[in-house]
Amino acid sequence: MLTCNECTTWEQFLNYVKTRCSKTAFENWISPIQVLEETQEKIRLEVPNIFVQNYLLDNYKRDLCSFVPLDVHGEPALEFVVAEHKKPSAPVASQKESNEGISEVFEETKDFELKLNLSYRFDNFIEGPSNQFVKSAAVGIAGKPGRSYNPLFIHGGVGLGKTHLLHAVGHYVREHHKNLRIHCITTEAFINDLVYHLKSKSVDKMKNFYRSLDLLLVDDIQFLQNRQNFEEEFCNTFETLINLSKQIVITSDKPPSQLKLSERIIARMEWGLVAHVGIPDLETRVAILQHKAEQKGLLIPNEMAFYIADHIYGNVRQLEGAINKLTAYCRLFGKSLTETTVRETLKELFRSPTKQKISVETILKSVATVFQVKLNDLKGNSRSKDLVLARQIAMYLAKTLITDSLVAIGAAFGKTHSTVLYACKTIEHKLQNDETLKRQVNLCKNHIVG
């Protein structure tokens, strides 16, 4: 093996990289690499694991070409050897020793844990048509973890209650199933956790910890996109827990089919139940406003609550922001709440009740999102039951929400005006008796106007 002084080419590369990445990244990913052999034809490197090798090539391949020998294809002539971590033979550990090992790694891993928010519980989650289904699913899996809907995949826009439900599941299980091991973590924290254990050469300890869980709660899985190496480890953990009938709950801003992840992990996420959290309707927004106001000791009359909810309709966080602003104004200036006060204090948050012009394309995108179908399929000619229904709802909403003629609407869908008319009559007839369809149509409307 060459000494460090002999590794001049590699040292030059290291000095170059140090100036182009953070100290943490260098220590985590570059510093652990050791030179085993260096010749004019190639360099042999020892890496602690395959993640480090892939990181080096994914991020510094072009730079490596300027320093290290190249092969006949113009690629860096590097040979990688993954270090072997030999363990002395030992008798099989007892259950007590095994638990102690898991407890030890828990102490290392808990720094990455997302603490459950004490305010996020089922009993203070305001229910409405846009979230009724997903809340019922969350309550169901919290009551019987691992029995059904596994994994539960919750998706929806920012500030609509995904994290609230995730933490509510954690609280319920912790209180009603005290013997179960629970871990709540953001995707970014999972990645940082893995980096930490890669650096300390203790990935096996991390694997043992995660695979000893009874309930894994993962927030914002969309941040796993474009992180292929970490995605593989997450997928392995995911599969192990599912195969052991351990419950997993995941949140995301998109349904699995729209995430830029491998087909393998997308298929796994769709194994259980995929549930959408929609934009709350007016009545639900009013209920949320009044609940948040009550928590702050602020009394909002119904008329005023409806007025605010009619002008703030993006998400729950905006409603919370409005309450915080009104509470601060009343306390700081010692004034009571009036319509003028509301209008002046919240004017920067208000949006006009007459939303921006709605187009057929807007309607198609919203319906595709709500029904979790591809936009091209919705515009196409597929006669599958789900697509036909979604397409008819889109036509019905186009006729209801925009002023274009049936001919123009039909042209936008690539259909005749008679097809649009038939679709509208079909949906209107079904709406008279089908409560599920009513909820679906309202969900689409909320998504469009929100």
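Every residue number used here counts from 1 along the chain in the order it is shown.
Cβ from N, Cα, C; glycine included.
Swiss-Prot lists Gly159, Gly161, Lys162, Thr163 with the feature ATP binding site, giving sequence analysis as the kind of evidence. The Cβ of Thr163 (ATP binding site) has 19 other Cβ atoms within 10 Å, all protein chains considered.
Counting residue by residue with DSSP, the region 'Domain I, interacts with DnaA modulators' (1-87) contains 37 helix, 17 strand, 33 coil. Look at Swiss-Prot and you will find 1-87 tagged as region 'Domain I, interacts with DnaA modulators'.
The region 'Domain II' annotation in Swiss-Prot covers 87-114.
Annotation comment: Swiss-Prot describes 115-330 as region 'Domain III, AAA+ region', evidence class sequence analysis. When pLDDT is averaged over the region 'Domain III, AAA+ region' (115-330), the result is 88.
The feature region 'Domain IV, binds dsDNA' is assigned by Swiss-Prot to 331-450.
Classification of Gly159 (ATP binding site) by DSSP places it in coil, neither helical nor stranded. Helix, strand and coil counts from DSSP across the region 'Domain IV, binds dsDNA' (331-450) read 82 helix, 0 strand, 38 coil.
Neighbour density at the Cβ, taken as the number of other Cβ atoms within 10 Å, is lowest among the binding-site residues Gly159, Gly161 for Gly159.
A C-beta separation below 8 Å, combined with a sequence spacing of at least six in one chain, links Lys162 (ATP binding site) to Ile154, His155, Gly156, Asp219, Thr251, Ser252, Val277.
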